Amino acid sequence: MSASRFIKCVTVGDGAVGKTCLLISYTSNTFPTDYVPTVFDNFSANVVVNGATVNLGLWDTAGQEDYNRLRPLSYRGADVFILAFSLISKASYENVSKKWIPELKHYAPGVPIVLVGTKLDLRDDKQFFIDHPGAVPITTAQGEELRKLIGAPAYIECSSKTQQNVKAVFDAAIKVVLQPPKTKKKKSKAQKACSIL
């Protein structure tokens, strides 16, 4: 058996979008019911990919403004980011491009990002929207549009509560590291030049 490859995967996104629940749901198949804001936490999972073992180091971060100076310390050495927003929070969706992409580009340029829409189970929950009249759901099309805007190789919608697509999120993160998407090479100006003979 070959030595396992280590992948550092860091979750980022606004507070209360479900980053910790996503990690706990993935690593223990349980859904925590109490909300306790994260300062910093670490999880680990061994995953077999194409017959090889991958040790997936999962770093949980605090989305709250209070931790803006502390949070980037976890970015060093990251192989991939899971950038999460809530499918029932327009503010968290808007902060992907307003706050998180600038932060990641500044502290970890070139590291791939998997965009994740969380709380999928609540998007079609009529009772939730009756109880929260100001909430606006984010559509799959809006998520895809945001993925293209930020240049993320993957966009996945999931529910930590029902486990729907939870494994797919981390499979995508591993795949992005092990099989990076081919980037289109831009032609240099010399190649674009027209020659008149």
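Note that Cβ sites are derived from N, Cα and C of the backbone, with glycine treated the same way.
Since we're looking at a predicted model, the values are computed, not measured.
Range 35-43 is the one annotated as motif 'Effector region', of 8-16, 17-25, 35-43, 152-160 (source: Swiss-Prot). In three-state terms derived from DSSP, Lys19 (GTP binding site) belongs to a helical segment.
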